[in-house]
Amino acid sequence: MATVLSSTGKISQVIGAVVDVTFDGELPAILSALETDNNGNRLVLEVAQHLGENTVRTIAMDSTDGLTRGQPVTNTGAQISVPVGPKTLGRIMNVIGEPIDERGPVGAEQTAPIHAKAPEFIEQSTEAAILVTGIKVIDLLAPYARGGKIGLFGGAGVGKTVLIQELINNIAKGHGGVSVFAGVGERTREGNDLYHEFLDAGVIAKDADGNPTPDGSKVALVFGQMNEPPGARARVALSGLTMAEYFRDQEGQDVLFFVDNIFRFTQAGSEVSALLGRIPSAVGYQPTLATDMGQLQERITSTTKGSITSVQAIYVPADDLTDPAPATSFAHLDATTTLNRAISELGIYPAVDPLDSTSRVLTPAVVGQEHYETARRVQETLQKYKSLQDIIAILGMDELSEEDKLTVARARKIQRFLSQPFHVAEVFTGIPGKFVQVEDTVRSFKAVVDGEYDHLPEAAFYMVGGIDEAVEKAKKLAAEA
């Protein structure tokens, strides 16, 4: 009887997403999952603090509407665990691993706790190879490392989600391994669109009756979207990561892990932090910001067993890259793709800032001498143009030397040539999407900086694939003129 008493507690207070539970006997360990019934629904609470007075403070993984003081809470004696393995493929789950696609239980043979240790130092793998994305500006100037961590930084509405969807289209669809997509605090509509896109593309397989099935599917989706309470948004990235880790460690696969959006993970942590009674740090963020980010990011890594290549969209509040949330994530990434509002205002998409995006693998040893030199010459031309813009704005183009005029003309062509029609945006633009191989990208840009295409008009370079298409477009423009 004593064990039953000790494993059952009572709710003593409810403050939004934070619930205090009192136990008579032994207290549940920190990070333990507690369960209670909320109007017929299972509500999971995660222990965050021991307050003394036999009370633990917990974070709710779902809405606390309808909870009452004194109602019983059961200690499960374990952490929140989510289903892992092949049965998760083709399914949509929430933070606690429950299916939300209305297709019955997941039926996985195994579950795994969402909190785990990062791989040991000795288990880490450090080979450097390029992950081809087919997107010119990325492959040329800030290439992605296979098994690396990639961050897409950008303010509101500059194209992070479209870029991540294009990367899913270009990489995940042709990728032999498994992908996991974690939707953290973003729009439910986008999650729905993505699911149907996967169905249409065959990334999620269908059975004879046309219903989605795990057999032959290549992606698992975990969602804790904008409408979810902060507890769910703060943990859903870990749930998705746990599923990805299983495929890496148990099946030795090369896994693609997409997260949209890491900032919402931080934001949810800051919402909960104040309710937990922690004193906020800079800009009102939680004092544990660096720790929370480190614990998540250090688990996303490649080991000797398999690799996780992660692409993370990171919202930049008020376009300020020095804000603590994006600034904390910079240190963990191998490549950063920064989206710039000024470039999107010019109508150049993807609105990647070629001078602000970086990559660890842009070295001659990894990409080759020709690629490296071409990338640096492109950046040099764009940088010269940037420094001349003030002079042009005040005095006009006529005051520039002939050499500078040529630099400006080439830079403007390069700027337009870095734009590219996306497959996922085809429905909006009416322009068929383009996938450009790295060799074509390097060859095309080398020719442009060498001045081989100085005779082509600027407009010919806008929204095309390789240089051959720009030449075709120039002929077409000339014919129309």
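Just so you know, glycine gets a Cβ as well, placed from its N, Cα and C.
Copied over from Swiss-Prot, here are the features:
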{"type": "BINDING", "residues": "Gly154, Gly155, Ala156, Gly157, Val158, Gly159, Lys160, Thr161", "note": "ATP binding site"}
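The secondary structure of Gly154 (ATP binding site), as reduced to three states from DSSP, is extended strand. Less than 8 angstroms from the CB of Ala156 (ATP binding site) sit Tyr315, each of them six or more residues away in the same chain. Apart from Gly154, Gly155, Ala156, Gly157, Val158, Gly159, Lys160, Thr161, the residues listed for ATP, the same chain places the Cβ atoms of Tyr315, Leu339, Ser344, Ala351 within 8 Å of the centroid of those Cβ atoms. Here Gly159 (ATP binding site) comes close to Leu339, Ser344, Tyr349, Pro350, Ala351: these same-chain residues lie at least six apart in sequence, with C-beta atoms under 8 angstroms from its C-beta. Of all Cβ atoms in the shown protein chains, 10 besides its own fall within 10 Å of the Cβ of Gly157 (ATP binding site).
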